[in-house]
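J.: Have a look at the structure that comes next, please.
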Amino acid sequence: MQLLLIHSDYIEYETKKQTPVAEKIEESLKSGRLEEALTAFTAVESVDEANPEEAIKKAVSEIEKVAAQVKTNRIMLYPYAHLSSDLSSPKVAVQVLKGMEAALSSRYEVKRAPFGWYKAFTVSCKGHPLSELSRSIRPEGAAKAEVKTETCEKEEVVSEALKAEGTARSYWRILTPDGELHEVEGFDLTPYPKLQQFVNYEISKSRAVERAPPHVELMRRLELADYEPGSDSGNMRYYPKGRLVKSLLENYVLDVATEFGAMEVETPLMYDMNHPTLKKYLDRFPARQYSIESDKRHMFLRFAACFGQFLMNHDMTISYKNLPLRMIEMTRYSFRKEQRGELVGLRRLRAFTMPDMHTLCEDMDQAVNQFKEQYDLCISVLENVGIHINDYEVAIRFTRDFYEANKDLVVNMAKTVNKPVLVEMWDTRFFYFVLKFEFNFVDALAKASALSTVQIDVENAERYDISYVNADGKLERPTVLHCSPSGAIERCIYALLEKAAMETEEGKVPMLPVWLSPTQVRIVPISEKHIAFAEEVAKKLDFRVDVDDRDLSIGKKVREAGREWVPYVVVIGDKEMEESTINVTIREESGQDKPKKVQMTPEELNARIKEETSGKPYRKLPLAKYLSARPKFL
C-alpha cells in the first residue's frame, strides 16, 4: 500500500462520474469536506491481497503516528490510484479502505471518499515540515525475502539539502531601496499586491495546485504545447509553433551568454549515483531526482548542468589569466522529480530546458563583481524576452555572515530594481551557496515561479577538486557562480502567457513579442482573385508570413488571426491591388474593441518589423505557408 499524508487546512471533494468499478454509495458520500484534517491519499496494491488485515493494521498505525505528530483528530481517507502502478483488485481495495475507516473511527472523526468515482477535489496543504509525508506499507507474505511486516518510507531519491530545506529556520524581511530591512509583519505591502502574494507564497510554502492557471488553456489554444499522456507527468509535447518559440528563446539566451564570454559545452544526461563526488553534491542540492538502473549501476538523471561542467573543470588546466572562466549549456533536458500535486502546465515540470552557466572566479572579490554583472545581465535578458522589472518580484537569500560583510552588494540589488524585495536570511548555511537571488513571476493564481537566478557557491571547487594556477605558480581554488540568465525556457513561455492572460483581464489585447510570434504577418485575401497579389506582398516581407487562402468569410479569417495573436494582419482587396498598398491591423496598438488599422506599403511594414526584431534570432515559418495546407493539432 502507498500512502501520501497531507496535513490540510481543508480537503473537499465532489463526485462527478462513476467508473465501471465504482462502489455503490449513499447520496451523503457524493461530496464531503473536512477542515484541519490529515488527508490520507491511499493506493491499495496487489501485494496487500496476501494479507489485507495486516495491511489495514499497519496503515492505521502509520496514520495514527502522523496524526499525533501534527496534532489532529480528523482524518480523510481518499482512494488515489495514481500513487501506484501495481494496484490490487477493486474488491480488495474497497475492503481495505472500509477496514481502515472502521479501525480509525473509534478514535478519530473520519470521512472516506468513495472508491471508483471520478472526483473533483481541493486540498490546502499547511506547508510545515511534517505536512507532506509518504509511506510504503508491505504486509507479511508480500515478498519471499521478507519474514516480518515492514513499514518503510516510499523509495525516492531526496537530497539532504531538500530535507534540510524543510527544517531550516528562515528570517524573512523586506528590503527597501533605501537599504532598510523591515519585519514582514510590520511592512505595509498594500501598494505592492504582487509582492504581497509572493511573500505569502514563500512563507506558506504551499505549492499544491488547486486549479489550472490560465496559461494551460492558452498553450493549447495557441497550439504551443500540451500534456503527453504516454509519458510521465510533467513531460510535455511541443507542437511546431511551440518548438519554434522554444528554439528562439534557447538561441537568444545562448547568443547573449556567448557574447558575455561564455563557452558553450554539452554534457551527459545521466550520472553514477555512487560516484563519491557526485553523491556529496546531490546531498547539497535541494531537489528530487529520477533514478534508473544501467548495467547494475544506480544512475540519476541530471537536474542541472553542474555535474558535467564541474567534472570538465576538474580535468582542465586553468590559469589565473583565464579567469573569470564561463561555460554554458542549454540542458535539453534537465530532470527533477517534482511532486505530482505541484505539476501544472509549463509552470512546474519534471523535464525542462535550462540554460545553465557557471563562472570560475579568482576569489570572492571577483565573484562579487561577476555577481553584479550577471544580475544586470538577467534583468536585460528578461526585458528582451518581454518580461519587465514590474512583471516579477525579487527574492534575495543569504547567510547572516555574508550579509554583514556585503551589505552594499545586497542593498544595490534592491536599488537597481527600485522597489522592495523579499529577503530570506539563515544563521546557518544549509546549502552550497552563501548568496543567491531569483526573479519570481507571480501568476494569475498567486503562485510564484523562479526565472533568472545567480548563486555564489563556496563548496564545489573543493568538492570537485577544481583549481587554477595563480600568478605565483601555485594552485588555488576558484569561487564559483551558478547563473541561469532566463530560468527554464518553458517558464519563460509560461510567464509570457500568464502575463498576457492578466493583461486581457485589464482590457488589453494579448500578444507575444513579435520576434517570438510563430506567424508575424498574416495576409488575408478577401477572395480567390486577390490571392496572387497576396503572394506578391508575401515575397516582399522577410519575416514569418502566411496566407489565409481558405474559403471562409473575411470576418472569420480576421477573427482567427486575432485568436492566434498574429501581430500584423494584412487584408488584401480590390483597393489594395489598385493602389499597391496594404491595409495593416497592428495588434500592439489595438484595443479589444478598437483595432488599429494603418495603410502602408509592404516595404514600410518590412522596415517596421525589422526594427522591432533587431538583435533577436530568427527562424522560418514552422508550418505550411498556406493555411489550407495545415493540419490541426488540437
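Placement of Cβ uses the backbone N, Cα and C atoms for every residue, glycine included.
As the structure is a computational prediction, the values presented were derived from the model and not from experiment.
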J.: Out of His358, His388, His530, which is the one Swiss-Prot records at the Zn(2+) site of Cys306, His482?
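T.: Record check against Swiss-Prot: Zn(2+) site with Cys306, His482, extra candidate from His358, His388, His530 is His358.
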J.: Which residue counts does DSSP give the region 'Editing domain' (1-142) for helix, strand and coil?
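T.: Residue counts in helix, strand and coil order: 47 helix, 58 strand, 37 coil.
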J.: Fewest other Cβ atoms within 10 Å: which of the binding-site residues His358, His482 wins that one? Let me know.
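T.: Sparsest of the binding-site residues His358, His482 by Cβ contacts within 10 Å: His482.
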J.: So if I draw a 10 Å sphere around the Cβ of Cys306 (Zn(2+) binding site), how many other Cβ atoms end up inside it?
T.: 23
J.: Can you give me the residues near the recorded Zn(2+) site, meaning same chain, not Cys306, His358, His482 themselves, Cβ no more than 8 Å from the center of the site's Cβ atoms?
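T.: Close Cβ neighbours, site residues excluded: Ala304, Ala305, Gln309, Phe310, Asp356, Met357, Gln455, Asp457, Asn460, Val480, Leu481, Cys483.
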